[in-house]
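Chemist: Attaching a single structure in structure tokens format; questions to follow.
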Amino acid sequence: MSSPLSQAFAQNFLGHSPRWYKLTVLAFLLLNPLLLWLAGPVTSAWVLVGEFIFTLAMALKCYPLQPGGLLVLEALLLGLATPEALYAELQHNFPVLLLLMFMVAGIYFMKDLLLLLFSRLLLGVRSKTLLSLLFCLLAALLSAFLDALTVTAVVISVAVAFFAVYHRVASGQRASEDYDPATDRQVPELHRAHLEEFRAFLRSLLMHAAVGTALGGVCTLVGEPQNLLIGHEAGWHFVEFFRQVAPVSMPVLAAGLLTCVLLEKSRRFGYGAQLPAAVRQVLAEYAASESRKRGAQQKAALLVQALAALVLIVGLALHVAEVGLIGLLVIVLITAFTGVTDEHQIGRAFQEALPFTALLVVFFAVVAVIHQQHLFTPIIQAVLALPAERQPGMLFIANGLLSAISDNVFVATIYITEVKQALDAGHMSREHFDTLAVAINTGTNLPSVATPNGQAAFLFLLTSSIAPLVRLSYGRMVWMALPYTLVMGGLGWWAVSHWL
């Protein structure tokens, strides 16, 4: 019989993850040294990449930082990569780490302004089709200049706040009472139909907004973390990045917005739910109450946030400094002029992005393994051996398929580095490199909406507090994203193959 201490170790290992998942990760850790001894470093490295992708695909079972971190720690100990190679990767991609550390935190301090904007939109527009289009378009516009993760966080905050307000009223609970919005036990039968319709309404808006972040995020240097990686390798600043990607991103944006309208009109794939009149009345009363509470100090803070947003956009457009440093500027401006000087208040802004920043370091460790073992060199050589006109389309497909099951930052890092090495070795012209860089950028951004694993914003939505409240499961997200995946992936491939 096992001792209480050994049982405690077993329970503590990877926390609340399922037992089968814990055993799988342990099996990986035991298999890798044996495989290195029997099959050599290249085979072991390929298996490690597959194991790491598995941890990304199982992100709902356990955040990938812990199992992925254990795998790369073992890889470093086994000599599949060196700590120096990992450090070199981190130095090379330091602008991306700056982006995640400071830009996401900077936008956190604009949340009040963004919450007000989305709240006014939700209650001010009565046509569900128009509302969905505006949510998608606004998310796209914001994601082009801000961080897609933060835009998604704002939309989630609006949805959680409004759901909690109506759920409390439907449950008959007073505002002063503690209650759990995750359970419907106290909701009478009379209100349940409205509650389910409201859930479907919020689900569709959340998905439209999440897709909007992908539509806008692909367009600019700061829209997604991998864009900055690609732009850094290609030497593109903000305006140049937009110009290079526009032949693909602009038609796909238009097609995505049209898809949004058609889905709401057809009421297919889980879209088309309306906001019940009774729910609208409750939410309108809540919004009016919040507006009455807003004093001169709060209004001044909103004005500061709006001015900081303007500084942010101008700073990005003119590339006055690295993106992350502009984010730090936003933090300083907003906190200084809104009176946020408490260390703990400021610290909350960094909670959202730092786990993902740590995970990105683990990504780069896997990339270091790939580089040191030359795993992707044969694949890139096979693509480059194709006729030049077929290479962008094939890279788009290769990136898209892998991005749908893995994280697109990870995929983009691998491919853009390999293609840059081919350019440096004189295997292609600069013009052709630019075309392939666009193919990699769009290939990792557009088809990756197929599953929550591909887009960080989608994964954030799925693992957020709103997902269980509105019954947004992994399978439902895949189903609701399917029409967008087909349109964005199909048109993106055509544009990359024929319009670049």
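The backbone N, Cα and C atoms fix where each Cβ goes, and this holds for glycine too.
From Swiss-Prot, here are the annotated features:
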| type | residues | note |
| --- | --- | --- |
| TRANSMEM | 28-50 | transmembrane segment |
| TRANSMEM | 68-88 | transmembrane segment |
| TRANSMEM | 98-118 | transmembrane segment |
| TRANSMEM | 121-141 | transmembrane segment |
| TRANSMEM | 145-165 | transmembrane segment |
| TRANSMEM | 205-225 | transmembrane segment |
| TRANSMEM | 244-264 | transmembrane segment |
| TRANSMEM | 311-331 | transmembrane segment |
| TRANSMEM | 350-370 | transmembrane segment |
| TRANSMEM | 394-414 | transmembrane segment |
| TRANSMEM | 449-469 | transmembrane segment |
| TRANSMEM | 477-497 | transmembrane segment |
Chemist: What parts of the chain pack near the transmembrane segment (68-88), using Cβ distances under 8 Å and only residues at least 6 beyond its ends?
Modeler: 25, 28-29, 32-33, 36, 41, 44-45, 48, 51-52, 55-56, 359, 361-362, 364-366, 368-369, 371-373
Chemist: Between the stretches 28-50, 350-370, 477-497, which one has more Cβ pairs under 8 Å with the transmembrane segment (98-118) than any other?
Modeler: 350-370
Chemist: Using a Cβ cut-off under 8 Å, which residues of the same chain at least 6 positions beyond either end of the transmembrane segment (477-497) come close to it?
Modeler: 203-204, 207, 211, 214-215, 247-248, 251-252, 255-256, 259, 263, 268-271, 389-390, 392-393, 396-397, 400, 404, 438-439, 442-443, 446-447, 449-452, 458, 461-462
Chemist: Same chain only, please: residues at least 6 beyond the ends of the transmembrane segment (311-331) with a C-beta under 8 Å from a C-beta of the stretch. Say none if there are none.
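Modeler: Same-chain residues near the transmembrane segment (311-331) but 6 or more away: 95, 97-107, 109-110, 145-146, 220-222, 228, 237-239, 346, 349.
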Chemist: State, in range form, which of 121-141, 350-370, 449-469 has the highest count of Cβ pairs under 8 Å to the transmembrane segment (28-50).
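Modeler: It is 350-370 that shares the most Cβ pairs under 8 Å with the transmembrane segment (28-50).
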Chemist: Near the transmembrane segment (121-141), which same-chain residues lie under 8 Å Cβ to Cβ, leaving out any that are not at least 6 residues past its ends?
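Modeler: Non-local partners: 151-152, 155, 158, 162, 201, 204-205, 208-213, 215-217, 219, 253, 256-257, 260-261, 263-265, 271-275, 280, 283-284, 287.
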